[in-house]
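All remarks here apply to the structure that follows.
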Amino acid sequence: MNFRVINKIKYDRQRGHKILPMDILQKDASSSSTSCFSHFCSSALRAKTLKSSSPDGSGEGLIRRLGVFDLLLLGVGASIGAGIFVVTGTVARDAGPGVTVSFILAGASCVLNALCYAELASRFPAVVGGAYLYAYTAFNEITAFLVFMQLMLDYHIGAASIARSLASYVATIFELIPALKGNIPPWVGHGGQEFFGGALSINILAPILLALLTIVLCQGVKESSAVNSFMTSTKVLIVIFVIIVGSFKVDVDNWSPFAPNGFEEILTGATVVFFAYVGFDAVANSAEESKRPQRDLPIGILGSLLICVILYIAVCLVITGMVPYNMLGEDAPLAEAFTSKGLKYVSILISIGAVAGLTTTLLVGLYVQSRLYLGLGRDGLLPSIFAKVHPKRHTPVHSQVWVGIIAAVLGGLFNVHVLSHILSVGSLTGYSVVAACVVTLRWKKRTENQDSSKCMSTWCEGVIWIVILACCGFATGALYRFGGSFIFIIVALVIAILACAALCFRQDYSEAPGFSCPWVPIVPSVCIFFNIFLFAQLHYEAWIRFVVLSLVSVGIYAFYGQYHANPSSDETIIYHMAPEEDGH
């Protein structure tokens, strides 16, 4: 029995109370457990605040070297690659020519989401973090950490799958050398050497490529931006050339039937190709390295997305018109389509464009991941080593190397098709939270006229309506997917409309200080509903992934994050906004 318990027994005996040691221990345990839970809640509900002041110029941050053209190429570089050179073949096998509609649906949703991102990027342009930072500012610490974990797994899996496909295209180029044609084993580049019934698929070229790109990124943002700009320009020119040449080989009979497996597969395909549009998220995460973030970030986000939407739709129409959907390959569908038409020179050009496209997609993906780790390292939610920035190169070297190692392990051991089933969970979740952030940050403070007789604050009431809206989106999606009664679908839609109406009329909204998302809260509400509707179309493995990762995230936060987060003395974490533009 410890000293404190003995003194407690003596004190209670002096007061005439007979209390046994076990009673004291139980009270101490109860008090300790209450204290731990109270600390967890207070930490989890903590939020960031922002000051409208300039950075202190300490030199510990990143360097602002990216202009608006660099940001446009960054967004296009992050997107054009996997969607055209890899995902089209995988999705078209299930959705048929309707894969075009899948890209249109995902693109339309992403345009609305990009409007929300553009507003928040303009509002908080000074530091890295993207969706994580927005959630931390608008909601709380635990929400931000959950968003980070879901997004990060998407990025890790995406980098691994893209590296595997890039290895396949690189091997195809090597096979143009007569001595190597047909002599490259599968464990080097094409697919992989499978073990344990396909659970493992060994590929050594993918980790090598990831290591090379990690070295480039560690050199500095100027060097990596130059590589991205050159290769992105190259691949866009090649894609345009492919569209023009392929349009002369289109057989309209291949577009029939347009949706061979029904509209459900088109919706499921939309959730898979959703990840092909994540370039605008990369632009938002480059805030600390943008020269004029408040002006250039919205242009980079919306401009890069619109370019990608146009190119994706054109490529889908061409590729499904050239070859029957069930004959498209999964690893290199575009090159194989032109080869089947006798256009060998075009397939070679496509392979070169694919290498450029997948390289830039992988490069930007690794770049974004390291900046997210940098943000959490600064906040103390991850070990401080992730927050270190190289004093000369001004890059988060430790975060970048860690990201490269994770992607190399996944890319070297797992199959692309297996990993693609659990993609888009983080993107759909993150985009929904970003849309919700736009709504909550636009609410006017009404504490001065808040009726004290109300059982909850106006802010809490608004959050409840947002949650109801999201639940209706999931219910509608699940009912549609599993053939539920049409009446129940209508009920869910009506409730969602009522929730949106409540957000419109039960809250007062202020104007955004920079770029303004139109029709708030209607546009963000549509984003939330449609994102969660698409979430319900995901494969069941993705749902399991979401639940398991959420539980793991809460566990990591409970045992590490809540104790190491570095709030200031007033229990808030201060971030500085970017300085105002000088008249332009």
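For all residues, glycine too, the Cβ spot is worked out from N, Cα and C.
Listed ranges 37-56, 397-416; the one TrEMBL annotates as transmembrane segment is 397-416. Per-residue pLDDT, averaged over the domain 'Cationic amino acid transporter C-terminal' (515-564), rounds to 92. Counting Cβ pairs closer than 8 Å and at least 6 residues apart in sequence, the transmembrane segment (299-325) and the transmembrane segment (266-287) reach three or more and so form a contact. Here the transmembrane segment (422-441) does not touch the transmembrane segment (345-368). Their Cβ atoms form fewer than 3 pairs under 8 Å, with each pair 6 or more residues apart. Most Cβ pairs under 8 A with the transmembrane segment (98-120) among the ranges 71-92, 266-287, 517-536 are made by 266-287.
Of the ranges 71-92, 132-153, 266-287, 397-416, 517-536, the one with the most Cβ pairs under 8 Å to the transmembrane segment (345-368) is 71-92. Per-stretch counts of Cβ pairs under 8 Å to the transmembrane segment (266-287) identify 517-536 as the leading one among 132-153, 397-416, 517-536. Recorded stretches compared: 71-92, 517-536, 542-560; the one with the most Cβ pairs under 8 Å to the transmembrane segment (132-153) is 542-560.
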